[in-house]
Amino acid sequence: MDETQPLLAPVPPPTTAAGQFPYIPDVNVPNDEVFDHRVDFNPNGDPKNPLEWPKAYHNGVILLLAFMAFTVTFTCIGVVPIARQIVLDLENRESKSASVLLVTIWELGEAAGPLLIAPLSEVYGRAAVFNVANVLFIVWTVVAACSQTSHLFILSRFMTGCAVASNVLNPAVIGDMLPPDQRGSAMATLMLAPLLGGAIGPAITGAIAQSIGWRNVLWFAAGMAGVCELCFILLFRETYKIRILQRRIARLKKQKNEDGLALKVVVEEECEHTALAIWKAIKRPAAVFGGSFVLQILSFYGAIVFTFYYIMSTTLPEVLKNVYGFAPTTIGSSFIAFSVGSTFAVFLCNMLIDRIYIYLRTKNNDQSHPEFRMPLTIISGCILPISIALFGWTAAKGWPAALLLFLVGLQGFAILTGMVPLMAYVVDAFGLYSASALTAVLITRCLMSTFLPLVVGPLTDQLGYGWGFMIVSGVCLVVAPVPWLVMRYGEKLRQCSAYTRDD
(Lines of atoms letter the chains of each structure in order from A and count residues from 1; the text may use other names and numbers.)
(Lines give C-alpha, C1' and ligand atoms only; values in the text may rest on other atoms or scores of the structure.)
Protein backbone atom coordinates (compact mmCIF):
# COMPACT_ATOMS: atom_id res chain seq x y z
CA MET A 1 0.00 0.00 0.00
CA ASP A 2 1.23 3.41 -0.82
CA GLU A 3 1.16 5.59 2.25
CA THR A 4 0.42 8.84 0.44
CA GLN A 5 -3.27 8.66 1.32
CA PRO A 6 -5.75 11.40 2.32
CA LEU A 7 -4.66 11.76 5.92
CA LEU A 8 -1.02 11.36 4.94
CA ALA A 9 -0.70 14.13 2.40
CA PRO A 10 2.83 15.52 2.05
CA VAL A 11 3.49 18.79 3.83
CA PRO A 12 5.36 21.22 1.55
CA PRO A 13 8.73 21.99 3.13
CA PRO A 14 9.99 25.54 3.49
CA THR A 15 12.61 26.73 1.07
CA THR A 16 15.67 28.89 1.39
CA ALA A 17 16.06 32.23 -0.31
CA ALA A 18 17.65 30.47 -3.24
CA GLY A 19 14.67 28.19 -3.50
CA GLN A 20 16.65 25.15 -2.31
CA PHE A 21 15.62 22.82 0.50
CA PRO A 22 18.03 23.20 3.43
CA TYR A 23 19.79 20.05 4.58
CA ILE A 24 19.60 19.36 8.33
CA PRO A 25 22.23 16.94 9.61
CA ASP A 26 22.00 15.53 13.11
CA VAL A 27 24.66 13.73 15.05
CA ASN A 28 22.25 11.17 16.48
CA VAL A 29 20.28 10.55 13.31
CA PRO A 30 21.70 9.14 10.06
CA ASN A 31 22.12 12.01 7.62
CA ASP A 32 19.83 10.64 4.92
CA GLU A 33 17.02 10.31 7.47
CA VAL A 34 15.97 13.92 6.94
CA PHE A 35 14.87 14.82 3.44
CA ASP A 36 13.76 18.34 2.61
CA HIS A 37 12.58 18.98 6.15
CA ARG A 38 10.57 15.74 6.08
CA VAL A 39 11.62 13.02 8.50
CA ASP A 40 11.43 9.35 7.57
CA PHE A 41 13.23 6.14 8.43
CA ASN A 42 16.67 5.76 6.91
CA PRO A 43 16.20 3.52 3.83
CA ASN A 44 19.77 2.24 4.27
CA GLY A 45 19.02 0.83 7.71
CA ASP A 46 17.32 2.26 10.78
CA PRO A 47 17.20 0.58 14.22
CA LYS A 48 13.99 2.46 15.05
CA ASN A 49 12.13 1.04 12.05
CA PRO A 50 9.88 -1.81 13.30
CA LEU A 51 10.22 -3.56 9.94
CA GLU A 52 13.97 -3.91 10.58
CA TRP A 53 13.85 -5.13 14.17
CA PRO A 54 15.43 -8.55 14.79
CA LYS A 55 13.27 -11.54 13.98
CA ALA A 56 13.63 -12.76 17.55
CA TYR A 57 12.07 -9.55 18.85
CA HIS A 58 9.27 -9.78 16.26
CA ASN A 59 8.52 -13.29 17.50
CA GLY A 60 8.65 -12.11 21.10
CA VAL A 61 6.12 -9.36 20.39
CA ILE A 62 3.85 -11.85 18.64
CA LEU A 63 4.01 -14.15 21.67
CA LEU A 64 3.23 -11.25 24.00
CA LEU A 65 0.23 -10.22 21.90
CA ALA A 66 -0.87 -13.86 21.85
CA PHE A 67 -0.62 -14.04 25.65
CA MET A 68 -2.94 -11.05 25.99
CA ALA A 69 -5.35 -12.47 23.41
CA PHE A 70 -5.41 -15.75 25.36
CA THR A 71 -6.15 -13.89 28.59
CA VAL A 72 -8.96 -11.88 26.99
CA THR A 73 -10.70 -14.94 25.58
CA PHE A 74 -10.18 -16.90 28.79
CA THR A 75 -11.87 -14.10 30.74
CA CYS A 76 -14.69 -13.77 28.21
CA ILE A 77 -15.59 -17.39 27.46
CA GLY A 78 -14.59 -18.72 30.88
CA VAL A 79 -17.95 -17.65 32.34
CA VAL A 80 -20.01 -19.55 29.73
CA PRO A 81 -20.35 -22.87 31.62
CA ILE A 82 -20.92 -21.06 34.94
CA ALA A 83 -23.20 -18.25 33.72
CA ARG A 84 -26.35 -19.87 35.11
CA GLN A 85 -24.61 -20.41 38.43
CA ILE A 86 -23.56 -16.74 38.58
CA VAL A 87 -27.10 -15.52 37.82
CA LEU A 88 -28.55 -17.90 40.39
CA ASP A 89 -26.08 -16.72 43.02
CA LEU A 90 -26.64 -13.00 42.36
CA GLU A 91 -30.40 -13.01 41.69
CA ASN A 92 -31.51 -16.13 43.60
CA ARG A 93 -33.35 -17.32 40.49
CA GLU A 94 -32.61 -18.79 37.08
CA SER A 95 -32.89 -16.57 34.00
CA LYS A 96 -31.96 -17.85 30.54
CA SER A 97 -31.87 -14.37 29.00
CA ALA A 98 -29.69 -13.03 31.84
CA SER A 99 -27.30 -15.97 31.43
CA VAL A 100 -26.94 -15.26 27.70
CA LEU A 101 -26.62 -11.49 28.22
CA LEU A 102 -23.92 -12.14 30.81
CA VAL A 103 -21.82 -13.60 28.00
CA THR A 104 -22.83 -11.49 25.01
CA ILE A 105 -22.72 -8.07 26.75
CA TRP A 106 -18.94 -8.42 26.53
CA GLU A 107 -19.22 -8.14 22.75
CA LEU A 108 -21.17 -4.90 23.07
CA GLY A 109 -18.25 -3.55 25.08
CA GLU A 110 -15.83 -4.76 22.43
CA ALA A 111 -17.91 -2.84 19.90
CA ALA A 112 -17.69 0.40 21.90
CA GLY A 113 -14.03 0.18 22.96
CA PRO A 114 -12.40 0.34 19.51
CA LEU A 115 -14.18 3.64 18.82
CA LEU A 116 -11.57 5.16 21.14
CA ILE A 117 -8.81 2.54 21.19
CA ALA A 118 -8.07 2.50 17.45
CA PRO A 119 -8.04 6.26 16.79
CA LEU A 120 -6.13 7.04 19.98
CA SER A 121 -3.50 4.50 18.92
CA GLU A 122 -3.08 6.54 15.73
CA VAL A 123 -2.48 9.68 17.79
CA TYR A 124 -0.57 8.48 20.87
CA GLY A 125 0.82 5.22 19.50
CA ARG A 126 0.10 1.55 20.16
CA ALA A 127 2.14 1.18 23.36
CA ALA A 128 0.45 3.91 25.43
CA VAL A 129 -3.04 2.79 24.45
CA PHE A 130 -2.22 -0.87 25.12
CA ASN A 131 -0.98 -0.07 28.63
CA VAL A 132 -3.96 2.10 29.60
CA ALA A 133 -6.45 -0.40 28.18
CA ASN A 134 -4.77 -3.32 29.96
CA VAL A 135 -4.94 -1.55 33.32
CA LEU A 136 -8.64 -0.80 32.82
CA PHE A 137 -9.19 -4.44 31.85
CA ILE A 138 -7.68 -5.56 35.15
CA VAL A 139 -9.68 -3.03 37.20
CA TRP A 140 -13.05 -4.02 35.74
CA THR A 141 -12.28 -7.74 36.04
CA VAL A 142 -11.70 -7.15 39.74
CA VAL A 143 -15.01 -5.25 39.94
CA ALA A 144 -16.75 -8.25 38.37
CA ALA A 145 -15.16 -10.55 40.94
CA CYS A 146 -16.49 -8.35 43.76
CA SER A 147 -19.98 -7.78 42.30
CA GLN A 148 -22.94 -8.41 44.59
CA THR A 149 -25.68 -7.83 42.00
CA SER A 150 -26.20 -9.07 38.47
CA HIS A 151 -26.55 -5.48 37.23
CA LEU A 152 -23.08 -4.55 38.49
CA PHE A 153 -21.67 -7.80 37.13
CA ILE A 154 -23.13 -7.17 33.67
CA LEU A 155 -21.87 -3.56 33.76
CA SER A 156 -18.38 -4.71 34.70
CA ARG A 157 -18.42 -7.28 31.88
CA PHE A 158 -19.39 -4.52 29.45
CA MET A 159 -16.60 -2.25 30.70
CA THR A 160 -14.08 -5.09 30.57
CA GLY A 161 -15.06 -5.66 26.95
CA CYS A 162 -14.57 -1.94 26.28
CA ALA A 163 -11.00 -2.24 27.58
CA VAL A 164 -10.00 -5.04 25.19
CA ALA A 165 -7.28 -3.57 22.98
CA SER A 166 -5.88 -6.77 21.50
CA ASN A 167 -8.70 -7.40 19.00
CA VAL A 168 -8.13 -4.18 17.09
CA LEU A 169 -4.46 -3.47 17.82
CA ASN A 170 -2.93 -6.93 17.42
CA PRO A 171 -3.42 -7.03 13.62
CA ALA A 172 -2.37 -3.38 13.40
CA VAL A 173 0.90 -4.13 15.22
CA ILE A 174 1.52 -7.03 12.83
CA GLY A 175 1.03 -4.59 9.96
CA ASP A 176 3.48 -2.18 11.62
CA MET A 177 6.23 -4.78 12.03
CA LEU A 178 6.01 -7.19 9.10
CA PRO A 179 5.93 -6.90 5.29
CA PRO A 180 2.78 -8.16 3.52
CA ASP A 181 4.17 -11.57 2.56
CA GLN A 182 4.82 -12.42 6.24
CA ARG A 183 1.66 -11.05 7.85
CA GLY A 184 -0.68 -13.92 7.11
CA SER A 185 1.23 -16.56 9.06
CA ALA A 186 1.82 -14.14 11.95
CA MET A 187 -1.90 -13.39 12.18
CA ALA A 188 -2.70 -17.08 12.06
CA THR A 189 -0.36 -17.58 15.02
CA LEU A 190 -2.09 -14.77 16.91
CA MET A 191 -5.49 -16.32 16.23
CA LEU A 192 -4.37 -19.57 17.84
CA ALA A 193 -4.03 -17.97 21.29
CA PRO A 194 -7.67 -16.95 21.78
CA LEU A 195 -8.73 -20.37 20.54
CA LEU A 196 -6.70 -21.99 23.28
CA GLY A 197 -8.22 -19.54 25.74
CA GLY A 198 -11.68 -20.46 24.51
CA ALA A 199 -10.91 -24.17 24.91
CA ILE A 200 -9.01 -24.14 28.18
CA GLY A 201 -11.13 -21.41 29.77
CA PRO A 202 -14.44 -23.27 30.13
CA ALA A 203 -12.68 -26.49 31.14
CA ILE A 204 -10.71 -24.77 33.92
CA THR A 205 -13.42 -22.37 35.08
CA GLY A 206 -15.98 -25.14 35.45
CA ALA A 207 -13.65 -27.00 37.80
CA ILE A 208 -12.65 -23.85 39.73
CA ALA A 209 -16.28 -22.77 40.17
CA GLN A 210 -17.29 -26.18 41.47
CA SER A 211 -14.43 -26.39 43.97
CA ILE A 212 -13.76 -22.85 45.25
CA GLY A 213 -16.49 -20.67 43.73
CA TRP A 214 -17.02 -18.65 40.55
CA ARG A 215 -15.50 -15.44 41.95
CA ASN A 216 -12.09 -17.08 42.02
CA VAL A 217 -12.37 -17.62 38.26
CA LEU A 218 -12.32 -13.84 37.82
CA TRP A 219 -9.53 -13.32 40.35
CA PHE A 220 -7.48 -15.85 38.40
CA ALA A 221 -8.21 -13.97 35.15
CA ALA A 222 -7.24 -10.64 36.75
CA GLY A 223 -3.95 -12.20 37.88
CA MET A 224 -3.15 -13.38 34.35
CA ALA A 225 -3.95 -9.94 32.96
CA GLY A 226 -1.65 -8.38 35.58
CA VAL A 227 1.26 -10.60 34.53
CA CYS A 228 0.57 -9.74 30.89
CA GLU A 229 0.57 -5.98 31.57
CA LEU A 230 3.86 -6.26 33.45
CA CYS A 231 5.35 -7.89 30.35
CA PHE A 232 3.97 -5.07 28.20
CA ILE A 233 5.57 -2.43 30.41
CA LEU A 234 8.95 -4.16 30.38
CA LEU A 235 9.15 -5.49 26.83
CA PHE A 236 6.81 -3.77 24.37
CA ARG A 237 8.20 -0.97 22.17
CA GLU A 238 6.22 1.46 20.07
CA THR A 239 5.54 0.07 16.59
CA TYR A 240 3.43 2.80 14.95
CA LYS A 241 5.57 4.55 12.36
CA ILE A 242 4.03 8.01 12.71
CA ARG A 243 4.38 8.09 16.50
CA ILE A 244 8.02 6.97 16.32
CA LEU A 245 8.82 9.68 13.78
CA GLN A 246 6.96 12.32 15.78
CA ARG A 247 9.30 11.61 18.69
CA ARG A 248 12.25 11.90 16.31
CA ILE A 249 10.95 15.25 15.07
CA ALA A 250 10.59 16.52 18.64
CA ARG A 251 14.15 15.44 19.46
CA LEU A 252 15.56 17.07 16.33
CA LYS A 253 13.81 20.33 17.10
CA LYS A 254 15.10 20.27 20.66
CA GLN A 255 18.67 19.52 19.54
CA LYS A 256 18.58 22.27 16.92
CA ASN A 257 16.84 24.68 19.28
CA GLU A 258 15.09 26.22 16.29
CA ASP A 259 11.33 26.29 16.66
CA GLY A 260 10.98 27.56 13.11
CA LEU A 261 12.11 24.27 11.57
CA ALA A 262 9.15 22.75 9.76
CA LEU A 263 10.17 19.16 10.32
CA LYS A 264 7.23 16.95 9.45
CA VAL A 265 6.74 13.29 8.80
CA VAL A 266 4.72 12.82 5.63
CA VAL A 267 1.48 13.18 7.52
CA GLU A 268 -1.22 15.74 7.94
CA GLU A 269 -0.89 18.32 10.71
CA GLU A 270 -3.70 16.68 12.66
CA CYS A 271 -1.19 14.27 14.16
CA GLU A 272 -0.25 16.96 16.67
CA HIS A 273 -1.60 16.19 20.13
CA THR A 274 -4.53 18.58 20.25
CA ALA A 275 -8.20 18.15 21.01
CA LEU A 276 -8.92 18.65 17.32
CA ALA A 277 -6.46 15.92 16.39
CA ILE A 278 -8.10 13.47 18.79
CA TRP A 279 -11.56 14.35 17.52
CA LYS A 280 -10.43 13.83 13.91
CA ALA A 281 -8.90 10.50 14.88
CA ILE A 282 -12.10 9.39 16.63
CA LYS A 283 -14.11 10.21 13.49
CA ARG A 284 -11.65 8.38 11.26
CA PRO A 285 -13.10 4.83 11.62
CA ALA A 286 -16.50 6.15 10.51
CA ALA A 287 -14.87 7.99 7.60
CA VAL A 288 -12.91 4.91 6.53
CA PHE A 289 -15.99 2.68 6.86
CA GLY A 290 -18.28 5.11 5.06
CA GLY A 291 -15.76 5.64 2.28
CA SER A 292 -15.12 1.98 1.46
CA PHE A 293 -17.84 -0.28 0.09
CA VAL A 294 -15.54 -3.30 0.18
CA LEU A 295 -14.96 -2.71 3.91
CA GLN A 296 -18.71 -2.47 4.49
CA ILE A 297 -19.53 -5.79 2.86
CA LEU A 298 -16.57 -7.58 4.45
CA SER A 299 -17.49 -6.21 7.88
CA PHE A 300 -21.04 -7.50 7.50
CA TYR A 301 -19.80 -10.87 6.25
CA GLY A 302 -17.26 -11.20 9.05
CA ALA A 303 -19.92 -10.28 11.61
CA ILE A 304 -22.28 -13.01 10.37
CA VAL A 305 -19.51 -15.62 10.35
CA PHE A 306 -18.04 -14.81 13.76
CA THR A 307 -21.46 -14.58 15.42
CA PHE A 308 -21.79 -18.33 15.08
CA TYR A 309 -19.00 -18.67 17.62
CA TYR A 310 -21.23 -17.03 20.23
CA ILE A 311 -24.33 -18.86 19.02
CA MET A 312 -22.44 -22.10 19.52
CA SER A 313 -21.04 -20.94 22.89
CA THR A 314 -24.47 -20.09 24.29
CA THR A 315 -26.35 -23.02 22.69
CA LEU A 316 -23.92 -25.91 23.21
CA PRO A 317 -24.18 -26.04 27.04
CA GLU A 318 -27.99 -26.18 26.82
CA VAL A 319 -27.94 -28.91 24.15
CA LEU A 320 -25.38 -31.03 26.00
CA LYS A 321 -27.30 -30.75 29.26
CA ASN A 322 -30.88 -31.19 28.01
CA VAL A 323 -30.35 -33.60 25.11
CA TYR A 324 -27.29 -35.59 26.20
CA GLY A 325 -27.34 -35.17 29.99
CA PHE A 326 -23.74 -33.96 30.32
CA ALA A 327 -22.44 -32.76 33.69
CA PRO A 328 -21.19 -29.13 34.03
CA THR A 329 -17.51 -30.16 34.04
CA THR A 330 -17.98 -32.30 30.93
CA ILE A 331 -19.81 -29.45 29.22
CA GLY A 332 -16.82 -27.17 29.85
CA SER A 333 -14.44 -29.75 28.40
CA SER A 334 -16.64 -30.12 25.31
CA PHE A 335 -15.55 -26.67 24.13
CA ILE A 336 -12.21 -28.25 23.29
CA ALA A 337 -13.91 -29.68 20.18
CA PHE A 338 -14.38 -26.17 18.78
CA SER A 339 -10.78 -25.31 19.54
CA VAL A 340 -9.47 -28.48 17.90
CA GLY A 341 -11.15 -27.49 14.64
CA SER A 342 -10.07 -23.88 15.04
CA THR A 343 -6.49 -24.86 15.80
CA PHE A 344 -6.36 -27.01 12.69
CA ALA A 345 -7.66 -24.03 10.71
CA VAL A 346 -4.99 -21.77 12.18
CA PHE A 347 -2.21 -24.21 11.27
CA LEU A 348 -3.65 -24.52 7.77
CA CYS A 349 -3.73 -20.72 7.42
CA ASN A 350 -0.22 -20.52 8.82
CA MET A 351 1.02 -22.90 6.13
CA LEU A 352 -1.01 -21.67 3.18
CA ILE A 353 -2.12 -18.06 3.45
CA ASP A 354 1.25 -16.48 2.63
CA ARG A 355 2.08 -19.21 0.09
CA ILE A 356 -1.18 -18.57 -1.74
CA TYR A 357 -0.48 -14.84 -1.62
CA ILE A 358 3.03 -15.26 -3.08
CA TYR A 359 1.81 -17.74 -5.71
CA LEU A 360 -0.94 -15.41 -6.94
CA ARG A 361 1.44 -12.47 -6.87
CA THR A 362 3.91 -14.39 -9.04
CA LYS A 363 1.16 -15.27 -11.52
CA ASN A 364 0.23 -11.58 -11.60
CA ASN A 365 3.68 -10.38 -12.76
CA ASP A 366 4.80 -9.75 -9.16
CA GLN A 367 1.97 -7.25 -8.63
CA SER A 368 0.53 -7.62 -5.12
CA HIS A 369 -3.15 -7.18 -4.30
CA PRO A 370 -4.94 -7.72 -0.96
CA GLU A 371 -7.52 -9.85 -2.81
CA PHE A 372 -4.92 -12.62 -2.95
CA ARG A 373 -5.86 -13.33 0.70
CA MET A 374 -9.40 -14.46 -0.18
CA PRO A 375 -9.20 -18.09 -1.45
CA LEU A 376 -9.37 -19.69 2.01
CA THR A 377 -12.27 -17.44 2.99
CA ILE A 378 -14.18 -18.64 -0.08
CA ILE A 379 -13.73 -22.26 1.06
CA SER A 380 -14.91 -21.30 4.55
CA GLY A 381 -18.09 -19.77 3.13
CA CYS A 382 -18.99 -23.14 1.58
CA ILE A 383 -18.37 -25.22 4.72
CA LEU A 384 -20.03 -23.10 7.41
CA PRO A 385 -23.72 -23.28 6.30
CA ILE A 386 -23.51 -27.07 6.00
CA SER A 387 -21.97 -27.51 9.46
CA ILE A 388 -24.57 -25.23 11.07
CA ALA A 389 -27.54 -27.05 9.52
CA LEU A 390 -26.17 -30.46 10.50
CA PHE A 391 -25.49 -29.22 14.05
CA GLY A 392 -29.16 -28.29 14.44
CA TRP A 393 -30.50 -31.57 13.10
CA THR A 394 -28.03 -33.62 15.15
CA ALA A 395 -29.31 -31.94 18.32
CA ALA A 396 -32.95 -32.26 17.21
CA LYS A 397 -32.71 -35.98 16.39
CA GLY A 398 -30.46 -36.86 19.32
CA TRP A 399 -27.81 -38.31 17.05
CA PRO A 400 -24.51 -39.34 18.71
CA ALA A 401 -22.78 -36.69 20.81
CA ALA A 402 -19.53 -37.48 19.00
CA LEU A 403 -21.11 -36.30 15.74
CA LEU A 404 -22.36 -33.13 17.43
CA LEU A 405 -18.87 -32.35 18.76
CA PHE A 406 -17.34 -33.10 15.35
CA LEU A 407 -19.69 -30.53 13.82
CA VAL A 408 -18.72 -28.04 16.53
CA GLY A 409 -15.10 -28.58 15.52
CA LEU A 410 -16.03 -28.16 11.84
CA GLN A 411 -17.67 -24.84 12.69
CA GLY A 412 -14.50 -23.76 14.43
CA PHE A 413 -12.49 -24.71 11.36
CA ALA A 414 -14.82 -22.80 9.02
CA ILE A 415 -15.01 -19.67 11.18
CA LEU A 416 -11.26 -19.30 11.59
CA THR A 417 -10.49 -20.21 7.99
CA GLY A 418 -12.75 -17.33 7.06
CA MET A 419 -11.64 -14.76 9.63
CA VAL A 420 -7.83 -15.01 9.47
CA PRO A 421 -7.56 -14.14 5.75
CA LEU A 422 -10.23 -11.47 6.16
CA MET A 423 -8.23 -9.67 8.85
CA ALA A 424 -5.06 -10.00 6.77
CA TYR A 425 -6.93 -8.48 3.81
CA VAL A 426 -7.98 -5.45 5.87
CA VAL A 427 -4.43 -4.84 7.12
CA ASP A 428 -3.02 -5.12 3.58
CA ALA A 429 -5.68 -2.97 1.96
CA PHE A 430 -5.77 -0.12 4.47
CA GLY A 431 -2.10 0.23 5.43
CA LEU A 432 -1.62 2.88 8.12
CA TYR A 433 -5.40 3.06 8.49
CA SER A 434 -5.65 -0.61 9.39
CA ALA A 435 -6.56 0.14 13.03
CA SER A 436 -9.46 2.34 11.94
CA ALA A 437 -10.60 -0.20 9.35
CA LEU A 438 -10.35 -3.05 11.85
CA THR A 439 -12.46 -0.97 14.23
CA ALA A 440 -15.28 -1.00 11.69
CA VAL A 441 -14.94 -4.77 11.29
CA LEU A 442 -14.94 -5.33 15.06
CA ILE A 443 -17.85 -3.00 15.81
CA THR A 444 -20.03 -4.70 13.22
CA ARG A 445 -18.97 -8.11 14.49
CA CYS A 446 -19.50 -7.28 18.13
CA LEU A 447 -22.94 -5.74 17.63
CA MET A 448 -24.03 -8.81 15.71
CA SER A 449 -22.51 -11.13 18.33
CA THR A 450 -24.32 -9.28 21.14
CA PHE A 451 -27.84 -9.46 19.78
CA LEU A 452 -28.12 -12.31 17.27
CA PRO A 453 -27.56 -15.05 19.91
CA LEU A 454 -30.50 -13.54 21.84
CA VAL A 455 -32.72 -14.24 18.80
CA VAL A 456 -31.58 -17.84 18.32
CA GLY A 457 -32.93 -18.97 21.71
CA PRO A 458 -36.58 -18.03 21.02
CA LEU A 459 -36.18 -19.31 17.45
CA THR A 460 -35.15 -22.79 18.58
CA ASP A 461 -37.81 -22.77 21.31
CA GLN A 462 -40.51 -22.20 18.68
CA LEU A 463 -39.18 -24.33 15.81
CA GLY A 464 -36.84 -26.76 17.53
CA TYR A 465 -33.12 -27.13 16.98
CA GLY A 466 -33.48 -28.61 13.49
CA TRP A 467 -35.55 -25.97 11.70
CA GLY A 468 -34.25 -23.18 13.92
CA PHE A 469 -30.68 -23.80 12.83
CA MET A 470 -31.82 -24.34 9.22
CA ILE A 471 -32.94 -20.70 9.22
CA VAL A 472 -29.64 -19.62 10.74
CA SER A 473 -27.80 -21.70 8.13
CA GLY A 474 -29.85 -20.02 5.41
CA VAL A 475 -28.66 -16.60 6.57
CA CYS A 476 -25.07 -17.83 6.34
CA LEU A 477 -25.72 -19.26 2.88
CA VAL A 478 -27.01 -15.90 1.62
CA VAL A 479 -23.74 -14.13 2.50
CA ALA A 480 -21.47 -17.00 1.39
CA PRO A 481 -20.70 -15.44 -2.06
CA VAL A 482 -19.22 -12.27 -0.50
CA PRO A 483 -15.58 -13.51 -0.38
CA TRP A 484 -15.77 -14.60 -4.02
CA LEU A 485 -17.18 -11.21 -5.02
CA VAL A 486 -14.34 -9.45 -3.18
CA MET A 487 -11.79 -11.75 -4.83
CA ARG A 488 -13.30 -11.00 -8.24
CA TYR A 489 -14.18 -7.31 -7.98
CA GLY A 490 -12.34 -6.10 -4.89
CA GLU A 491 -9.55 -4.35 -6.77
CA LYS A 492 -12.01 -2.20 -8.72
CA LEU A 493 -14.05 -1.49 -5.60
CA ARG A 494 -10.95 -0.37 -3.71
CA GLN A 495 -10.17 2.25 -6.34
CA CYS A 496 -13.42 3.99 -5.39
CA SER A 497 -12.10 4.70 -1.89
CA ALA A 498 -9.40 7.24 -1.07
CA TYR A 499 -8.23 4.97 1.76
CA THR A 500 -7.50 1.91 -0.38
CA ARG A 501 -6.69 3.34 -3.79
CA ASP A 502 -3.57 1.98 -5.48
CA ASP A 503 -1.74 5.24 -6.26
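Numbers run from 1 along the shown chain.
Cβ from N, Cα, C; glycine included.
Unlike curated entries, TrEMBL annotations are predicted automatically.
Marked as domain 'Major facilitator superfamily (MFS) profile' by TrEMBL: 62-491.
Long-range contacts of the transmembrane segment (56-80) within the same chain, counting only residues at least 6 positions beyond its ends with a Cβ under 8 Å from a Cβ of the stretch, are 86, 102-103, 106, 134, 137, 141, 157, 160-161, 164-167, 170, 173-174, 177-178, 186, 189-190, 192-198, 200-202, 204-205, 214, 217-218, 221, 224-225, 228, 231-232, 235-236, 239, 313-314, 317, 335. Positions annotated as transmembrane segment by TrEMBL: 56-80 (among others).
Sequence-distant contacts of the transmembrane segment (100-121), counting only residues of its own chain at least 6 positions beyond either end whose CB sits under 8 Å from a CB of the stretch, comprise 76-77, 79-80, 83, 86-87, 129-130, 133, 150, 153-154, 157-165, 167-169, 172, 240, 278, 281-285, 310, 313-314, 435-436, 438-439, 442-443, 445-447, 449-451, 453-454, 457. Taken from TrEMBL, the feature transmembrane segment applies to 100-121 (among others).
For 127-147 (among others), the entry in TrEMBL reads transmembrane segment.
Residues or ranges marked as transmembrane segment in TrEMBL: 187-212 (among others). Residues 62, 65-67, 69-82, 85, 170-171, 174, 220, 313, 328-329, 331-333, 335-336, 338-340, 342-343, 346-347, 349-350, 353, 412, 416, 419-420, 423-424, 427 of the same chain sit 6 or more residues outside the transmembrane segment (187-212) yet have a Cβ under 8 Å from a Cβ within it.
Listed by sequence, the residues of this chain that lie at least six past the ends of the transmembrane segment (218-236) yet keep a Cβ under 8 A from its Cβ atoms are 60-61, 64, 67-68, 71, 74-75, 78, 127, 130-131, 134-135, 137-138, 141-142, 144-145, 208. Here TrEMBL flags 218-236 (among others) as transmembrane segment.
Annotated transmembrane segment per TrEMBL: 286-311 (among others), in sequence order.
Under 8 Å from some Cβ of the transmembrane segment (331-353) lie the Cβ atoms of residues 77, 80-81, 184-185, 187-189, 191-192, 195-196, 198-199, 201-207, 309, 312-313, 316-317, 320-321, 373, 376, 405-406, 408-417, 420-421, 424, all in the same chain and six or more residues away from its ends. Residues or ranges marked as transmembrane segment by TrEMBL: 331-353 (among others).
If you look at the transmembrane segment (374-396), the same-chain residues 6 or more away from its ends with a CB under 8 A from one of its CBs are 305, 308, 312, 319, 323, 348-349, 352-353, 356, 403-404, 407-408, 410-411, 413-415, 417-418, 420-422, 425, 460, 464-470, 472-474, 476-477, 479-484, 486-487, 490. The transmembrane segment annotation in TrEMBL covers 374-396 (among others).
The transmembrane segment feature in TrEMBL is assigned to 402-425 (among others). Taking Cβ pairs closer than 8 Å, the transmembrane segment (402-425) reaches residues 171, 183-184, 187-188, 191, 195, 298, 301-302, 305-306, 308-309, 312, 316, 319-320, 324, 334, 337-342, 344-346, 348-349, 353, 370-371, 373-377, 379-381, 383-384, 387-388, 390-391, 394-395, 438, 441, 483, 486 in its own chain, all 6 or more past its ends.
Long-range contacts of the transmembrane segment (437-459) within its own chain (CB-CB distance under 8 A, at least 6 residues past either end) are made by residues 96-97, 100-101, 103-105, 107-111, 114-115, 117-119, 161, 167-168, 171-172, 285-286, 288-289, 292, 295-296, 298-300, 302-304, 306-307, 309-311, 313-315, 422-423, 426-427, 429-430, 468, 471-472, 499. Annotation source TrEMBL lists transmembrane segment at 437-459 (among others).
Here TrEMBL flags 465-486 (among others) as transmembrane segment.
Sequence-distant contacts of the transmembrane segment (465-486) (same chain, at least 6 residues past either end, Cβ-Cβ under 8 Å): 294, 297-298, 300-301, 304-305, 308, 311, 319, 371, 374, 377-378, 380-382, 384-386, 388-389, 391-393, 395-397, 418, 422, 425, 456, 459, 493.
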